[in-house]
Amino acid sequence: MSTTVRPDEVSSILRKQLAGFESEADVYDVGTVLQVGDGIARVYGLSKAAAGELLEFPNKVMGMALNLEEDNVGAVLFGESNLVKEGDTVKRTGILASIPVGEAMLGRVINPLGEPIDGKGPIETQIRLPLERRAPGVIYRKSVHEPLQTGLKAIDSMIPIGRGQRELIIGDRQTGKTAVAIDTIINQKGKGVFCIYVAIGLKGSTVAQVVNTLEKFGAMEYTTVITATASDPAPLQFIAPFAGATLGEYFRDTGRHALVVYDDLSKQAVAYRQLSLLLRRPPGREAYPGDVFYLHSRLLERAAKITDDIEVARKMNDLPDALKSMVKGGGSLTALPVIETQAGDVSAYIPTNVISITDGQIFLESNLFNSGQRPAINVGISVSRVGGSAQIKAMKKVAGTLRLDLAQFRELEAFSKFGSDLDKTTKAQLDRGARLVEILKQGQYIPMAVEKQVAIIFLGTQGLLDAVDVTRIRKFEEEFLGLLEHKHPEVLKAIAETGTLETDTANKIKEAAQKFIASFNQKAKA
């Protein structure tokens, strides 16, 4: 039986199929790898790539366009260079380098691309923000006026830090720079400050130690650790601080307070120098590229105290669309960059650059560290340019003459080594100075509440400790603060709540100290 083909049926079937045919095609802008090695790839064909745009290489290796030249694009690789070879196809993503942000990041250890590396599973966040962003303009800022307590007596009394400030921690290796930063993070517990610790070029074991310390003191609850270790590619070390700043800006722009520690920026500068030389950019002083100052200035300028006026804050320059509905005023981002010097040379290229960008510096010295003064802060050349207006009144009152007293003590101490015949006044000044130096010493990971600092510094500057043997000052401090806490809690409470040291509060501290010193000295003789 022969079947007859009806032309109208055939044409209707063809019409149906043609109507359902989707002619859409995915269009990718692709290029070819010309050369690869040392974390750098030269790509031909990506004529529309933007500076800072993410590029997709084979084997899930991501890269970023950094050099836009006439005939090729110089890209840095965020993965292993040996996974990419000449002739490989590279895709443009159309996305500028960004990082996921949100509360889910707290308590986690991530790499600079926002990927978790702590084995605690994926991080669920809704928002991505660009790594590079212009700093808020002058109109959107407010002057620094709220204190950020570090818990370290030497810093909170003489080199105070305010929320929104950039304070440099500078010193040779092994002088306690990281310890100062970690103590500050631990001291933010219960103060509503979110912390970001950015480890750049450190050993993996050192980062693990920092994370363990933060966990031990319950600080990981409000902290994110971003790490690009010494074994990670240079491009990751280069972008790590920008990832920290972006995460901090999320908290700052949503009306909260954040603290970011960059440990350390000398290693970021070295990584950037490596990339720049491999990209054939012309070298300048110490072989650093000409824009190494801009590298650090554009990063540190992002730390700011934002205006309380929400309407003004919402008009902030370069505000990402993802944040516009969440903006609140009054937030702050405080930066503590760390710089490592060689043999105490603060006048080298990178240290002078960062000193000129920041609002002050805390200078740590090997000699002081080795002589047992810890934190090993050289008060003479350490300074906080804007923190004074953020210091609480009580501390300003008791520590007003502290810096001068210590400077005079150091001078007299140097002279007293030459001669043994000292008059009474000089001897008294030397004794007072030795006790002040002693009360500023502090153990690691034992930050002290500001009201306790005020009480003990008050005794030192008022000369009440002159009767206590200098070798027993630390013991006295511990026992006296314990006494205040249990027998006179209202004294500490008054300082903490009002931020001032009223005359009757000062008298109560004096009375308690005089009684306690008598019994303390008797105990010592017994």
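The backbone N, Cα and C atoms fix where each Cβ goes, glycine too.
Under DSSP, G176 (ATP binding site) is assigned to coil, being neither helix nor strand in the three-state scheme. If you look up Swiss-Prot, you'll see G171, D172, R173, Q174, T175, G176, K177, T178 marked as ATP binding site.
Over all protein chains present, the Cβ of S382 (site 'Required for activity') has 22 other Cβ atoms lying within 10 Å. Look at Swiss-Prot and you will find S382 tagged as site 'Required for activity'.
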Those binding-site residues listed as R173, K177, and which of them has the most Cβ atoms within 10 Å of its own Cβ: K177
Beyond the site residues G171, D172, R173, Q174, T175, G176, K177, T178: chain residues whose C-beta lies within 8 Å of the centroid, for ATP: E340, L364, S366, F369, A376
Secondary-structure category, per DSSP, in which S382 (site 'Required for activity') falls: coil
Candidate with sparsest Cβ neighbourhood (10 Å radius) among D172, Q174, T178, the listed binding-site residues: Q174
S382 (site 'Required for activity') versus D172 (ATP binding site) - Cα distance in angstrom: 15
Rounded Cα-Cα span from S382 (site 'Required for activity') to R173 (ATP binding site), Å: 17
